[in-house]
């Protein structure tokens, strides 16, 4: 996987001053970022998150998803721990891109769920590729994670790459009336582990 390290700098945030590591995927031209805090190369499991880019949720405060809340909660958790890593992956819209995500939102406004919308546009329900994470984690010396996620695909992807997932740390945040159906679909159709409040809420055909 031709993902190469480019540069690193300090990044002060309201939560902590992180080190920001920039990486380039030479195959796609996509630029990815890792935020790290503390000694993450000591061989002990590192609190971490794989966070896929979500412009609408992360930067525009959208309540259609829980992405922005999860990003903030993950950074806060790392800051509290004093040690951790967050991989910010440029895989907008579960890998379909921003404009296609807006097209998918348009279909959702017409009644489709998040999976149906992607499929109607000719995409898989989730097109993200986590193989790009391996060279970034190797560069940083991270071999074991306490992974903040509700998504079992992320756990499997890391395990398949021989990255130890020592613990799955749930991220239950960002629930609101606007994303109730979206979260139910993620639980019912994508297998996300979101708790009993979202199980069985997906309308049956």
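Quick reminder: no glycine exception, Cβ is built from N, Cα and C everywhere.
Per Swiss-Prot, the features are:
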BINDING   49, 50, 51, 52, 53, 70, 92, 93, 94, 114, 149, 154  GTP binding site
BINDING   54, 65, 67  Zn(2+) binding site
ACT_SITE  126  active site, proton acceptor
ACT_SITE  128  active site, nucleophile
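Recorded features from Swiss-Prot, shown on the structure.
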| residue | record | DSSP class |
| --- | --- | --- |
| 51 | GTP binding site | strand |
| 65 | Zn(2+) binding site | coil |
| 92 | GTP binding site | helix |
| 126 | active site, proton acceptor | coil |
| 149 | GTP binding site | coil |
Taking the Cα of residue 92 (GTP binding site) as the centre, which of the recorded positions listed as 54, 67, 126, 128 lie within 10 Å of it?
54, 128
The record names 49, 50, 51, 52, 53, 70, 92, 93, 94, 114, 149, 154 as the residues that bind GTP; what is their largest Cα to Cα distance in Å?
22
Nearest of the recorded positions (65, 67, 126, 128) to residue 49 (GTP binding site), judged by Cα-Cα distance
67
Nearest of the recorded positions to residue 67 (Zn(2+) binding site) by CA-CA distance, picking from 53, 126, 149?
53
Neighbouring recorded positions, C-alpha within 10 angstroms of residue 54 (Zn(2+) binding site) - of 94, 126, 128, 149
94
